[in-house]
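Q: Attaching a single structure in structure tokens format; questions to follow.
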Amino acid sequence: MTSIVLEQAVATADEMRRADAAAIAAGTPGEALMDRAGRAAASAIAAFTGPDHVLVLCGPGNNGGDGYVIARELAERGWPVTVGQLAPPSSREAVAAAAACPAPVEPLASVQPAPVLVDALFGTGMKRKLKPQVAGRLADLMGAANARIAIDLPSGVGTDDGALLGASLPFDMTIALAALKPAHLLYPAAGLCGRIVTADIGIPVETRCWRITKPRLSAPTFADHKYTRGFALVVEGAMPGAAMLAARGAQAAGAGYVVVAGTGAAPGGPDSVIQRQTDELELEQLLEDGRIGAVVVGPGLGRDREASVRLDAALSGPGCPLVLDADALVLLGASAIPVARRLHGRAAVLTPHEGEFVRLFGAQTGSRVDRARKAAATAQAVVVLKGPDTIVAAPDGRAAISGSPSFWLSTAGTGDVLSGVIAAMLARGLEPFEAACAGVWLHGEAARLAGPLINADALVPALNRTLADTACSN
Ligand SMILES: NC(=O)C1=CN([C@@H]2O[C@H](COP(=O)(O)OP(=O)(O)OC[C@H]3O[C@@H](n4cnc5c(N)ncnc54)[C@H](O)[C@@H]3O)[C@@H](O)[C@H]2O)[C@@H](O)CC1
Ligand SMILES: [K+]
């Protein structure tokens with residue numbers, strides 16, 4: 001199978017407002033949407049905690065309105081419920097929800113803590129930092145609770161960029177309404193969300209951003225052979241170990257034939273990775289093999305003249321997709337010629353970490369998603385901005401964010417492995433954006449499977465098991 005499916009939409013505050021407005025214009029009143037949101041959230045809370053005394057903190061906007069519906073729903077189930085009010089409701093829907101809520105209402109400043117704390121102070125309308133007394137009161141009440149649940153978002157985070165705007169303590173669960181928001185996946189906000197559940201409120205949400213989830217990858221069939229499984233070529237440079245990690249990554253991710261174009265250094269690595277020693281001319285000849293499905297260049301390439309020559313050879317070879325990582329990105333950044341021109345319309349996946357990204361594209365403003373999107377449009381290539389929240393962005397505006405990362409991945413060489421995994425996905429025929437998403441997922445899942453990672457080598461066998469599970473279960 002040569003496509004993957006991204007199903008979990010990630011919507012910005014503006015996209016959510018447009019979705020709400022479209023649903024209202026199509027005939028569903030705002031009160032009905034709030035009612036659906038509050039009921040769905042109340043069911044999720046009931047499933048999470050069981051009956052107990054609940055304190056619902058309500059802000060002035062529609063997030064607070066959801067809070068009043070939740071308080072009403074749980075009170076109707078017979079749970080003891082108190083509302084802690086920051087300010088009176090201000091929107092028409094929230095006023096109506098508050099009027100229908102039978103629970104006692106007390107000021108936030110003086111309300112008593114309860115074992116279950118529901119935060120409906122602010123959601124996607126959060127515009128500025130929480131006042132210190134509000135942030136402090138929220139932290140105190142959270143500290144005194146046994147279960148802490150955020151409605152839509154933890155209050156005090158930036159919806160679109162995941163920045164902290166006064167929030168400090170983690171929740172046990174966050175109930176995302178209608179769709180995920182970037183803050184559920186972008187750090188540091190993502191670290192405060194706890195378990196994330198998405199409550200369906202029956203409205204379509206238009207977005208060009210998704211969470212990266214398990215790809216659908218087929219297992220080999222009787223018709224496959226090593227070249228249909230994918231031929232990945234890794235261009236070696238000054239540090240052969242890094243190229244070998246990329247090659248082993250490609251192999252563990254299912255490539256049928258993996259070749260390292262070596263520089264003459266002593267060969268190491270498994271016998272099943274074919275090592276060909278190549279000078280400049282031989283590399284050019286090797287790159288002309290039309291069966292190659294993807295070329296990796298950058299891991300351990302070096303930054304000297306020879307490295308530039310080998311990069312130029314890879315860039316000027318025939319048209320198979322490229323994965324450009326590490327030193328290749330540094331060399332591209334140091335060149336006066338824009339990346340898009342060096343690629344000549346060639347399909348490519350660029351995999352910078354934050355430092356490489358800034359060198360290549362400059363310090364841009366906006367969220368990591370915005371920055372990756374702009375970079376992809378500039379480079380006319382897929383950009384994988386690596387980090388705890390890895391972003392994949394395509395020149396056509398599609399973007400995807402990884403979820404549930406393993407922080408054990410922050411060790412030398414794991415990026416080299418990722419470049420090989422993405423090459424394997426390209427070589428099996430996925431288009432670059434999908435190949436990058438599938439590669440990022442396999443790599444992250446393998447890290448979770450491996451547990452505490454001592455080094456990048458330990459990732460390779462875990463990758464192999466992850467691929468086997470993925471390909472066999474689809
Ligand atoms: N029809 C809709 O619009 C729906 C909205 N929903 C809920 O509505 C939320 C968005 O509602 P709103 O747009 O009203 O926004 P919020 O309820 O998140 O907050 C907006 C209010 O807070 C104020 N505010 C923002 N930052 C503040 C700060 N730091 N300190 C003090 N006040 C601050 C704003 O001036 C405004 O009055 C979503 O997160 C979701 O919970 C759901 O009920 C589903 C339907
Ligand atoms: K909230």
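Every residue, even glycine, has its Cβ placed from backbone N, Cα and C.
These came from TrEMBL, pasted as-is:
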| type | residues | note |
| --- | --- | --- |
| DOMAIN | 16-209 | domain 'YjeF N-terminal' |
| BINDING | 62-66, 123-129, Asp152, Ala242, Gly300, His353, Asp416 | (6S)-NADPHX binding site |
| BINDING | Asn63, Asp119, Ser155 | K(+) binding site |
| DOMAIN | 209-470 | domain 'YjeF C-terminal' |
| BINDING | Lys386, Gly387, Pro388, Asp389, Thr390, Gly415 | AMP binding site |
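Where in this structure would I find these features, and how exposed are they?
A: The C-beta environment of Thr124 ((6S)-NADPHX binding site), restricted to residues of the same chain at least 6 apart in sequence and closer than 8 Å, consists of Ala13, Met16, Arg17, Asn63, Asp152, Leu153, Thr159, Lys181.
For the recorded site, Asn63 (K(+) binding site), the DSSP three-state label reads helix.
In the three-state DSSP scheme, Gly415 (AMP binding site) falls into the helix class. Listed in sequence order, the residues of the same chain lying 6 or more apart from Gly415 (AMP binding site) and placing their CB within less than 8 Å of its CB are Pro299, Asp325, Ala326, Thr351, His353, Lys386.
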Q: Which number gives the other C-beta atoms within 10 angstroms of the C-beta of Lys127 ((6S)-NADPHX binding site), all protein chains shown included?
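A: By my count, 9.
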Q: Starting from the Cβ centroid of Lys386, Gly387, Pro388, Asp389, Thr390, Gly415, the recorded AMP site, name every other residue in that chain with its Cβ within 8 Å, sequence order please.
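A: Near the AMP site, beyond Lys386, Gly387, Pro388, Asp389, Thr390, Gly415, sit His353, Leu385, Ile391, Ser402, Pro405, Leu409.
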Q: Take every residue in the domain 'YjeF C-terminal' (209-470), average their pLDDT values, and give the whole-number result.
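A: Averaged over the domain 'YjeF C-terminal' (209-470), per-residue pLDDT gives 93.
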Q: Quick check for the class: what is the C-alpha distance, in angstrom and rounded, between Pro388 (AMP binding site) and Lys127 ((6S)-NADPHX binding site)?
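A: Distance (Cα to Cα, whole Å): 25 Å.
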Q: With Cβ-Cβ distance below 8 Å and at least 6 positions apart along the chain, what are the contacts of Asn62 ((6S)-NADPHX binding site)? List them in sequence order.
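A: Gly30, Met34, Ser91, Glu93, Ala94, Gly123, Gly125 - these are the non-local Cβ neighbours of Asn62 ((6S)-NADPHX binding site), listed in sequence order.
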